[in-house]
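Q: Okay, here's the structure, questions in a sec.
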Amino acid sequence: MKIVVAKNIGFCFGVERAIRTVEELLDEGKKVVTDGEIVHNKQVMEQLTKKGLKVSSEMTDGEVFVVRAHGIPKDRLEELKKIFPEVVDLTCPIVSQLFKTAQRYAKERKVIVFGKEDHPEMVALRGYAPAIVTKVPFKFEEKKVVFLSQTTSSLEEYKEFVAAMIRMNEFEEAVFLNTICPVTVNREREVEELSKICDLSIVVGGKHSSNTGKLFRIASKHSKTIWIESPDELPADVVKYGTVCVFSGTSTPNSLIENVVRKLKEMEGKRDGTI
């Protein structure tokens, strides 16, 4: 079995920044709270809660409130500043830029965002601008629109959505902006190419992670693909595949990927009788 690990793996800079900041605050002995997953990865969240991070939607007691990488609605942010002595905004800079862009364009045209309506990033965005969030093309009466995208969406799926919207409607002015994170686009392109040479693609990342799900869908077009959160989820028959490729979402730590590769080698060794 040949194991090929993608070049673009591990945390993106926004996730790394968020986790590092929370760990530093906890190491300082501060009582840190938040209202949801800092990042969409179960193992990372377990590690942070073990260190003392408190997660609750009802939490009002603490020294420091940390805003998740996905952001929160503007009004909610202002409320939190009145409740907590310190609020640390860990919204990914690329996500923050999306919010500002939506807010600016909403003054002159209708904002249509390609994304998951219930995703935390989209919930936060609607706190900055009255946007329509959907992944399904629809008929629309407004003549002036701007198209934006959730930062973790597939670029190709976003383009297909916009093309369908233009075919279905008669817009007088339609602005198309690529607001997808370039880090996720690079991973998307690598998975698109590398999965073509794989007998099995393994995508490692949280099951609630939008960008990990995107990579799973892309790899599935070209090879047998599984999506796992931990090495324990590797199926016994993984050793029957000739070339196995390993990919990861942007919320997946390098240590987890290393553990998956180690487990694959152990499974291969047991099959060959070398372990």
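Note: Cβ is positioned from N, Cα and C throughout, glycine not excepted.
The feature [4Fe-4S] cluster binding site is assigned by Swiss-Prot to Cys12, Cys92, Cys181. According to Swiss-Prot, the (2E)-4-hydroxy-3-methylbut-2-enyl diphosphate binding site annotation covers His40, His70, His119, Thr151, Ser209, Ser210, Asn211, Ser251. The dimethylallyl diphosphate binding site annotation in Swiss-Prot covers His40, His70, His119, Ser209, Ser210, Asn211, Ser251. Annotation comment: Swiss-Prot describes Glu121 as active site, proton donor.
Could you tell me the structural context for the features on the list?
A: Cys12 ([4Fe-4S] cluster binding site) counts 25 other C-beta atoms within 10 Å of its own C-beta, drawing on all protein chains shown. Mapped onto three states, the DSSP output places Cys12 ([4Fe-4S] cluster binding site) in coil.
Counted within 10 Å of its Cβ, the other Cβ atoms near Asn211 ((2E)-4-hydroxy-3-methylbut-2-enyl diphosphate binding site) come to 27, all protein chains included.
Residue density at His70 ((2E)-4-hydroxy-3-methylbut-2-enyl diphosphate binding site): 27 other Cβ atoms are found within 10 A of its Cβ, drawing on all protein chains shown.
With a cut-off of 8 Å between CB atoms and residues at least 6 apart in sequence, the same chain places His70, Gly71, Val95, Leu98, Gly115, Gln150, Thr151, Thr152 near Glu121 (active site, proton donor), listed in sequence order.
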Q: Taking the Cβ of Ser251 ((2E)-4-hydroxy-3-methylbut-2-enyl diphosphate binding site) as the centre, how many other Cβ atoms fall within a 10 Å radius?
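A: Neighbour count, Cβ to Cβ under the 10 Å cut-off: 32.
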Q: Among His40, His70, His119, Thr151, Ser209, Ser210, Asn211, Ser251, the annotated (2E)-4-hydroxy-3-methylbut-2-enyl diphosphate contacts, find the widest CA pair distance and round it to a whole Å.
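A: Greatest Cα separation within the listed binding residues comes to 15 Å.
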Q: For His119 ((2E)-4-hydroxy-3-methylbut-2-enyl diphosphate binding site), what residues in its own chain, 6 or more apart in sequence, show a Cβ-Cβ distance under 8 Å?
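A: In sequence order, the residues whose Cβ lies under 8 Å from that of His119 ((2E)-4-hydroxy-3-methylbut-2-enyl diphosphate binding site) (at least 6 apart) are His70, Gln150, Ser210.
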Q: Please list, in sequence order, every residue of the chain apart from His40, His70, His119, Ser209, Ser210, Asn211, Ser251 whose Cβ lies within 8 Å of the Cβ centroid of the dimethylallyl diphosphate site.
A: Val39, Pro120, Glu121, Thr152, Gly206, His208, Thr212, Gly249, Thr250
Q: Report, in whole Å, the straight Cα-to-Cα distance of Cys12 ([4Fe-4S] cluster binding site) from His40 ((2E)-4-hydroxy-3-methylbut-2-enyl diphosphate binding site).
A: 12
Q: Compute the centroid of the Cβ atoms of Cys12, Cys92, Cys181, then list the same-chain residues not in that set whose Cβ lies within 8 Å of it, in sequence order, for the [4Fe-4S] cluster site.
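A: The surrounding set, listed in chain order, is Phe13, Gly14, Val15, Ala69, Pro93, Ile94, Val95, Thr151, Thr152, Val183, Thr184, Thr250.
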